[in-house]
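Database features (Swiss-Prot):
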- 2: N-acetylserine (MOD_RES)
- 9-70: domain 'SH3' (DOMAIN)
- 82-171: domain 'SH2' (DOMAIN)
- 184: phosphotyrosine (MOD_RES)
- 195-449: domain 'Protein kinase' (DOMAIN)
- 304: phosphotyrosine (MOD_RES)
- 364: phosphoserine (MOD_RES)
- 416: phosphotyrosine (MOD_RES)
């Protein structure tokens, strides 16, 4: 086996591990944390030609940067890798063997349901401390109270504060990976000190979306404070590390705070959601070229997801954002999964979801195609809610009997044909996104959209 690392191909993204001031004129200086893109290999394998975010090119040392990788699919990321759930006192003691002072884990309490137990190895034996849950706060001594388990563990890591020892080494639950370690390893961890949060631009059930500044660039930041919700959003962030396309909202990085906060930092989309953009401008402002361009933007993003075996599951105009220069980009990867998995259908948007996905939880690229047809209808109706004048409870029974919405007012017949093809009840007869893109490009070339 050769120990020589394979050369990074052109287009590879790297993140700087150290500052590099450059010594020669052809060098490209950079700061720790900068993202650089490889342009070409040089004769010397220790140096690459690269460019920075403003397009300046130069030579960089390979050992000063690390390649950015996607977080591996299937990696079980955890904000609390030391949390072992429902295990018994005896199981906890076996896990903390051989004894090592400061080795710890947290489990659910068996004697006091709803409470937790902190188990710590100390001078050859294991101590079990009950963590009481009272008035939405956690405490061991009823003197110091914490919002969540992460804050509690962080406190006792810095100071024993009455315990037999401070917490030194987490006993990681088998099969899980500490989220911060994994984002750092793969080059996606950002530095909180360099992020300025400026103003709230959206509120969700999970937390706020804020306009921020990261190293002089405008960014959007999802701020998730609740540890359980943050855990769910880790999956979204790890999917985003694997995806890169000009019509997908780009992840810039992730910040995992010791106290349990999670910040997902993405490019800032100045003109907001496509549905609001359409409603606020309407027919008098947006012509046929503009509507078809948005349709193609989304289709190209979905063709990329299709080619990479990802299913979005929540495609709708509310989950497409518009940039300063009027490019539509697909966002909200909260439900995006590798194509093979199934999902609970409790919270699915009925009017956008394919019948087989609602009925049998069968999600596939073809169920995304159904949703794309609905999204086309939203675009050409300037942001109307689909199935107007039909009560929500009646939508699925009517659709399953073959009902299809009429064309929106003024919708070109060729575009309406594309919509209807997306709404075949038999998923297998729906077109692929590649075919849809070709159909939309044909419409554009022959000016059938005007």
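Keep in mind that glycine also has a Cβ here, set from the backbone N, Cα and C atoms.
The separation of the residue listed as 'phosphoserine' from residue 304 (phosphotyrosine), Cα to Cα, is 14 Å.
Counting every protein chain shown, 18 other Cβ atoms lie within 10 Å of the Cβ of residue 304 (phosphotyrosine). Neighbour counts of Cβ atoms within 10 Å were compared for the modified residues 184, 416, and the top value is held by 416. DSSP assigns the residue listed as 'phosphoserine' to coil in the three-state reduction, placing it in neither a helix nor a strand. Residue counts for the domain 'SH3' (9-70) by DSSP state, with H, G and I taken as helix and E and B as strand, are 3 helix, 27 strand, 32 coil.
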